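Feature annotations, reproduced from Swiss-Prot:
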TRANSIT   1-28  transit peptide
MOD_RES   SER17  phosphoserine
MOD_RES   TYR124  phosphotyrosine
MOD_RES   LYS145  N6-acetyllysine
MOD_RES   LYS145  N6-succinyllysine
COILED    215-252  coiled coil
MOD_RES   LYS233  N6-acetyllysine
REGION    324-353  region 'Disordered'
MOD_RES   SER330  phosphoserine
Amino acid sequence: MLARAARGTGALLLRGSVQASGRVPRRASSGLPRNTVILFVPQQEAWVVERMGRFHRILEPGLNVLIPVLDRIRYVQSLKEIVINVPEQSAVTLDNVTLQIDGVLYLRIMDPYKASYGVEDPEYAVTQLAQTTMRSELGKLSLDKVFRERESLNANIVDAINQAADCWGIRCLRYEIKDIHVPPRVKESMQMQVEAERRKRATVLESEGTRESAINVAEGKKQAQILASEAEKAEQINQAAGEASAVLAKAKAKAEAIRILAGALTQHNGDAAASLTVAEQYVSAFSKLAKDSNTVLLPSNPSDVTSMVAQAMGVYGALTKAPVPGAQNSSQSRRDVQATDTSIEELGRVKLS
């Protein structure tokens, strides 16, 4: 009779706990086992036994023996990791934005005695603590930081729960925020902000592309000008080298011609040949005067070709006259002069004809 009364009292307390919390605790999901003297406790469970209404001991997994009527199983605690869905709730951020947020809580009972006698419903208590802690932590952050510092927010909630739930024999392993719902207007403003940020990035990237393009074009023009100047420089160097080679070749040819002419002048009748050449060039120069419309200076009697030739020969003779050695034959000189005069007269007759 006492056992039945005790079981009835335990069932009444359990129903009262369920009604107060509004949910069925995980630890009493399968009900309380009866005292059958010999009991087998499953793995990862802890059965709290009371003797005559006072805590007696905690049954370990395996075979256990109880005294009928005196001993009663009062609580059954699961030592497995428990997952609890934290209901959606409203919270206000630091910048006065109201959010709807929910989460998932992972916890484990570390001390069955504290979990049984420290709080009426440990799971419900931890859920309420998680909600209040989450509201408190969200009030410390602005809306932007809520999305950026999600991991740190979860860690702060876990630390706050563990500090408060230590006396309940419960340890919070982790807390994860599932969904964050913002008001429609705030969502629209956030979307506009995101679009503005994207447009800003696009503008920056476009300007950077334009700058890089301008730099590349300028660099290309610079390289083209450098190459063009180098090519022009090389062309001028080659042209100068060619002109220098041509001048040198002309100088060498002229020097060779002068050398040959000097050698020819030293031969027999060389002076006469030179005089003849000078006379030809003199007459040829005056013959071109009639063809060109130029203002020139003419001798006093341009029609007298013989006098012009004689004058040219006199100039050449004055330039080429050299002192004669004392032993030179004067008769030979006179003969040479006469021969030269004869040649000039013949040349005059040829020109006049």
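Indices start at 1 and increase along the chain as displayed.
Positions of Cβ are set from backbone N, Cα and C atoms, glycine also.
Positions of the features from Swiss-Prot, shown on the structure.
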| residue | record | DSSP (3 states) |
| --- | --- | --- |
| TYR124 | phosphotyrosine | helix |
| LYS145 | N6-acetyllysine | helix |
| LYS233 | N6-acetyllysine | helix |
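For the coiled coil (215-252), the model's average pLDDT works out to 89.
Residues near LYS233 (N6-acetyllysine) in space but far in sequence (CB under 8 A, at least 6 apart, same chain): none are found. The residue listed as 'phosphotyrosine' sits 29 Å from LYS145 (N6-acetyllysine), taking the Cα positions as reference. Around the Cβ of TYR124 (phosphotyrosine), 18 further Cβ atoms fall within 10 Å across all displayed protein chains. A sphere of 10 angstroms centred on the C-beta of LYS145 (N6-acetyllysine) encloses 16 other C-beta atoms.
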